[in-house]
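This report refers to the structure that appears directly beneath it.
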Amino acid sequence: MARLTESPAYQALADHHGRIADLHLRDLFADDPGRFDALSRRLDGMLVDFSKNRVTAETLSLLIDLARDRGLEARRDAMFAGEAINTTEGRAVLHTALRNRSGRPVMVDGEDVMPKVHGVLDCMRDFTARVRSGDWTGATGKRITDVVNIGIGGSDLGPRMVVEALRPWAQDGPRVRFVSNVDGSDIAEVLKACDPHSTLFLVASKTFTTQETLTNAHTARDWIVQALGEDAVASHFAALSTNSKAVATFGIDTDVMFEFWDWVGGRYSLWSAIGLPIALAVGFDRFEALLEGAHAMDEHFRTAPLDQNIPVLMGMIGLWYVDFFGADSYAVLPYDQYMHRFPAHLQQLDMESNGKRVALDGTAMDVQTGPVLFGEPGTNGQHSFYQLIHQGTHLIPCDFIAPARTQNPLGEHHPILLSNFFAQTEALMRGKTEAEVRRELADKGMGEDEIAAALPHRVFPGNRPSTSILVEEVNPRALGMLVALYEHKVFVQGTIWGVNSFDQWGVELGKQLAKGILPELMAGDPVDSHDASTNGLINAWLDMR
Ligand code: F6P
């Protein structure tokens, strides 16, 4: 396939950008009263409004041409069909099989994986019921009141985000806590709040070799053994992993190992056994509703025409900003307090997937790839970094997400929250013109000189793009749809850039070097084996500790 920048479809977009880059959203809305209807899409109670983006009908049509030209449909179909599209690791990419509710088989190397998927879901359902009913007890017969998930990256961020987002849906279950950081303070604080008699640990690791997770798991194991003896381990530990050998070596019976497979990427794994803490928190039926929501988005992504396809439009519009407007960052802003970990989950999903500098064929990229993603729940972000989004020199496309209904209808809180949600996208789009500022200041009685001095600071250029997503409420199904929407958005962009969105070699070097440094720290002798800075820092630490 021709390089991206050499493709006629890309060049057509570059020409088009030259023509429309200066159009102001304010004028686009003024010229077309039907813009909202034309540029918003709905799916099962979700409304996605793309109209506050710097696009015209022609832009969308050229972006769709580019998607077709880069073989998006064929690659999407190859992913759903279980082809080994993760070529640098020789693996299929099948998180969609984990939530496949269609009854269709999904073949990997000639084998239908669906029976295995259903088998593990059945085990999870059974275990969830036992723990939540009190049938599964600790070694001394006490009911499990606290579940501690020990994992990191995809074995932490996804399930933690969902457990937080669905907190109002978690009744009658154990408290579910998370430990991820190898910093001992993380596990120390969690253990302080738990009683060994009634605590169940889930050791969540796809590889079961991750240093942080194994270190925390050993500390948890020692804590249980010290309080209850070696025999208690069987009642207080379960494993979520692909590596049964390492699980057994650690000392967890593989009867309480919930399996998944190498075709599930870590950052796409919350739908697998890695979702067990979610099921324990909210119950298995609600975990299934999450899977159903994701499946609904999968079906939409698989079958909707590209110009009606929400993840395709979201991915292509995002890429339009990165490659043609030079936008190097991207904000995701949930106006729902329970979704406060959503941006953190998306950081791994997006940045570990598309943070790539070479294409699938090994050639260096000649365009920018995945942007820096950040975000905070509204309205907290408004009092922090929104200033830069409104008036800074960077162009930062934003996604605003809000539920129509809150789980806590207290007084005017939700209308106030949503008034901010609507106002921010309007302000970003419209800005405030010189004439408006001038009028406002004159009305306040300011003199001409004062107004002239204040004007440049008070003018907002506007034309700052945003996409708004409204869901009826943040329930398990809607959350499943939202997460799958972002997964497919990342897939769309990775496909157009031609990168492998499913490997993460970039995280290895630091891990390798840390393995070499640890014995040096433990030995405690001054070092000279590194560069001057690293030697200096290690030797300073040896003196300071
Ligand atoms: O940070 C790299 C990474 O491999 C992630 O992709 C993964 O989610 C995380 O480490 C944890 O890996 P594991 O589940 O194997 O412990």
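Glycine too: its Cβ is placed from the backbone N, Cα and C atoms.
In the three-state DSSP classification, GLU352 (active site, proton donor) falls within a helix. Annotated active site, proton donor per TrEMBL: GLU352, in sequence order.
The feature active site is assigned by TrEMBL to HIS383 (among others). The DSSP secondary structure for HIS383 (active site) is helix. Within the same chain, no residue at least 6 positions away in sequence has its Cβ under 8 Å from that of HIS383 (active site).
Within 10 Å of the C-beta of LYS511 (active site) there are 11 other C-beta atoms, taking all protein chains into account. Taken residue by residue with DSSP, LYS511 (active site) is part of a helix. The annotation active site is assigned in TrEMBL to LYS511 (among others).
When Cβ atoms from all protein chains are considered, those within 10 Å of GLU352 (active site, proton donor) total 23, not counting its own.
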